[in-house]
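A.B. asks: Right, I'll just put the structure down here and ask away after.
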Amino acid sequence: MKESFYIEGMTCTACSSGIERSLGRKSFVKKIEVSLLNKSANIEFNENETNLDEIFKLIEKLGYSPKKTLAEEKKEFFSPNVKLALAVIFTLFVVYLSMGAMLSPSLLPESLLTINHHSNFLNACLQLIGALIVMHLGRDFYIQGFKALWHRQPNMSSLIAIGTSAALISSLWQLYLVYTNHYTDQWSYGHYYFESVCVILMFVMVGKRIENVSKDKALDAMQALMKNAPKTALKMHNNQQIEVLVDSIVVGDILKVLPGSAIAVDGEIIEGEGELDESMLSGEALPVYKKVGDKVFSGTLNSNTSFLMKATQDNKNSTLSQIIEMIHNAQSSKAEISRLADKVSSVFVPSVIAIAVLAFVVWLIIAPKPDFWWNFRTALEVFVSVLVISCPCALGLATPMSILVANQKASSLGLFFKDAKSLEKARLVNTIVFDKTGTLTNGKPVVKSIHSNIELLELLSLASSIEKSSEHVIAKGIVEYAKERNAPLKDISEVKVKTGFGISAKVDYQGAKEIIKVGNSEFFNPINTLEIKENGILVFVGRAINEKEDELLGAFVLEDLPKKGVKEHIAQIKNLGINTFLLSGDNRENVKKCALELGIDGYISNAKPQDKLNKIKELKEKGRIVMMVGDGLNDAPSLAMSDVAVVMAKGSDVSVQAADIVSFNNDIKSVYSAIKLSQATIKNIKENLFWAFCYNSVFIPLACGVLYKANIMLSPAIAGLAMSLSSVSVVLNSQRLRNFKIKDH
């Protein structure tokens, strides 16, 4: 059984990887992925051995709060920005008290100058009050940090909590010594760390705020889509409008769409017309004109007219619901490249605590001065600096932040990745197999020429009258051509369809009811009276004389034209060093012509679904990484067999289950865009990981005091600043993907 739910209380990758590690050890858990950014988890488990309630209990034992739905954040007295501003103000106040006299004695009133026990004690008490206020503003670090420590799942908050608490306790001890007149020398008053506590917390809060703002911006793609989802719709019942919940709509319901409202579910216009904003599907800002018979998709916005539509999907299976599910899965899933960071994060925090304790002991023993309190202060500063400067967040954010921003960018291009692995793998593709009809071509064959043995208008009338009963795209091309030439429609009866061959019906022809047949050459008894040398899709029209003989009346030559810009986009793809193949069920002449015209390397014609499947198997056996690009309708086996499946779609014409990548702008440029975005994303992730590993590898030893003899020691305050800048740098570097652009050449 697969389930998705939310987890509250996670602060860094040590939290998410700790949950994964703990639950992953359970025999009944087959797979679990926890997303720190989305605060969510996807789990697959054996329902015969456990249930979701038991899994929730296991997570609660680790100190986190699992929930089936994401509860609204509790409204606090102070907003995050106000809390941050107050933290900055009180930090500056404490720094002013502790360091003002060093800059200039005139900055502080005489009563606060540390020239005697009384003023020293008063100054320290004011620092303590300021520090306690800042600690209260940053209390989440202590609540989450110590809770995680209690459950033996230490995280970034644990490091902050331990480090600042140690500094506070030491300062309180020094304050007690001053209060009890322990120091007899007026120049040997207590050494406090109240300003370090404040500065550390303030810098961490600034860093976290920048992170959260960046996360929120990156999550805007899903939020915007969810805002497009209407909660109610106007249903027509007995010529009356009734407002109903969208979840209650079933296929076949007639809905009224008012100007300015969003389409509730996928459907088809049955009365009226309108201009729809489909930018959430295609990324194109221009409105799309829709008339009777045209499909409309959930989440798109109607502009200035009202119309009636018939629902063709319920809410659960609508285009918008599928897109939201894809984005959620993409943001929640993990790329393979993140596994290394997860493994490091799982031991990172305990290792840092061990290093900090070891450094404290070593400095206490080998410190160069014989004064115990000097040695203790130095060891304590090193201990706090090591804890505070280490940055598991930089490691944890390196991959998911890039994935998050990349998915947001993809949605603006009309692209949707099924999961992070799809985004990661697209860059490795070295062979692309294209379906032809509807993928490289418009999928709407148009009549190129007509060969007729009877009056042309009569041939058009016969063919269109019969083809009107068919939903085949070729039939629609003939019907449209006849309609443009005002060919009259005839009454027909006894319609019979022979799948894969053609359609027949009784029609009034030359004053009698005759069986007229429309289809390919195999639908007729041998025809030798008309030779057609043109390349194209051949559709014959004939009269059945008897069961063994047909009379040829004429033939249509249709052509499915390539989409605009396809040739240029395939050239772009080939410039990446990727081999291209065309697989089509069309005849050899048409497929060969299409491949040569578009510059495709190889082709297979007359290909049945099994032939396409075999070709992809063959390519994979040769070590090729294969991307299959199709429309998702009749090539599902081939899509499933490929390494990366791309479905070119228009709304509900596609089932996202078959796709790794869905392009709703129905443009081959999307394939090139997906590959380039994948390359840019992985490059960005590698930059983030490189920085995160280098930062921790360099700054943790530095905080330990390895350069003490060079007079380089990091204070806890500087360590806090460095840690904040580390995670912020990863976030800002990930944001560069927002500026990703596809070059035309």
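Heads up, the Cβ atoms here are built off N, Cα and C, so glycines get one too.
Predicted, not measured: the structure shown is a model, and the values here were computed from it.
Not my notes, these are from Swiss-Prot:
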- ASP435: active site, 4-aspartylphosphate intermediate (ACT_SITE)
- CYS12, CYS15: Cu cation binding site (BINDING)
- ASP631, ASP635: Mg(2+) binding site (BINDING)
- 1-67: domain 'HMA' (DOMAIN)
- 1-83: topological domain 'Cytoplasmic' (TOPO_DOM)
- 105-124: topological domain 'Extracellular' (TOPO_DOM)
- 145-151: topological domain 'Cytoplasmic' (TOPO_DOM)
- 173-194: topological domain 'Extracellular' (TOPO_DOM)
- 216-343: topological domain 'Cytoplasmic' (TOPO_DOM)
- 367-379: topological domain 'Extracellular' (TOPO_DOM)
- 398-685: topological domain 'Cytoplasmic' (TOPO_DOM)
- 706-716: topological domain 'Extracellular' (TOPO_DOM)
- 736-745: topological domain 'Cytoplasmic' (TOPO_DOM)
- 84-104: transmembrane segment (TRANSMEM)
- 125-144: transmembrane segment (TRANSMEM)
- 152-172: transmembrane segment (TRANSMEM)
- 195-215: transmembrane segment (TRANSMEM)
- 344-366: transmembrane segment (TRANSMEM)
- 380-397: transmembrane segment (TRANSMEM)
- 686-705: transmembrane segment (TRANSMEM)
- 717-735: transmembrane segment (TRANSMEM)
A.B. asks: Mind giving me a neighbour count for ASP435 (active site, 4-aspartylphosphate intermediate)? Other Cβ atoms within 10 Å of its Cβ, every protein chain shown.
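C.D. replies: Around ASP435 (active site, 4-aspartylphosphate intermediate), other Cβ atoms within 10 Å: 27.
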A.B. asks: Rounded to the nearest Å, what's the C-alpha distance separating ASP435 (active site, 4-aspartylphosphate intermediate) and CYS12 (Cu cation binding site)? Just drop the number here, would you?
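C.D. replies: ASP435 (active site, 4-aspartylphosphate intermediate) and CYS12 (Cu cation binding site) have their Cα atoms 44 Å apart.
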A.B. asks: Any residues 6+ beyond the ends of the transmembrane segment (195-215) with a Cβ under 8 Å from its own?
C.D. replies: 37, 80-81, 83-84, 87-88, 90-91, 94-95, 97-99, 127, 130-131, 134-135, 137-138, 141, 160, 163-164, 167-168, 171, 384, 388, 393, 397, 401, 404, 715-717, 719-721, 723-725, 727-728, 731-732, 734-735
A.B. asks: In the three-state scheme derived from DSSP, which category covers ASP435 (active site, 4-aspartylphosphate intermediate)?
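C.D. replies: Its secondary structure by DSSP: strand.
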A.B. asks: Should anything in the same chain at least six residues away from the transmembrane segment (344-366) have a Cβ under 8 Å from its Cβ atoms, list it; otherwise answer none.
C.D. replies: 12-14, 17-18, 21, 154-156, 158-159, 162-163, 375-376, 378-380, 382-383, 386-387, 390, 392, 395-396, 693, 696, 700, 703-705
A.B. asks: Using a Cβ distance cut-off of under 8 Å, indicate which of 125-144, 152-172, 686-705, 717-735 has the most pairs with the transmembrane segment (380-397).
C.D. replies: 686-705
A.B. asks: Please spell out the DSSP helix, strand and coil residue counts for the topological domain 'Cytoplasmic' (1-83).
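C.D. replies: So the topological domain 'Cytoplasmic' (1-83) is made up of 26 helix, 23 strand, 34 coil.
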A.B. asks: Can you count the other CB atoms that lie within 10 A of the CB of ASP635 (Mg(2+) binding site)?
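C.D. replies: Counting Cβ neighbours of ASP635 (Mg(2+) binding site) within 10 Å gives 26.
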A.B. asks: Express the distance between the Cα positions of ASP631 (Mg(2+) binding site) and CYS12 (Cu cation binding site) as a whole number of Å.
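C.D. replies: For ASP631 (Mg(2+) binding site) versus CYS12 (Cu cation binding site), the Cα atoms are 40 Å apart.
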A.B. asks: In angstrom units, rounded to an integer, how far apart are the Cα atoms of CYS12 (Cu cation binding site) and ASP635 (Mg(2+) binding site)?
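C.D. replies: Here the two Cα atoms are 42 Å apart.
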A.B. asks: Taking the Cβ of CYS15 (Cu cation binding site) as reference, which residues of that chain separated by at least 6 in sequence fall under 8 Å from it?
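C.D. replies: Within the chain, CYS15 (Cu cation binding site) has Cβ neighbours under 8 Å at GLY9, LEU36, TYR64, ALA148, GLN153, ASN155.
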A.B. asks: Roughly where does the topological domain 'Cytoplasmic' (398-685) sit in mean pLDDT, to the nearest integer?
C.D. replies: 85
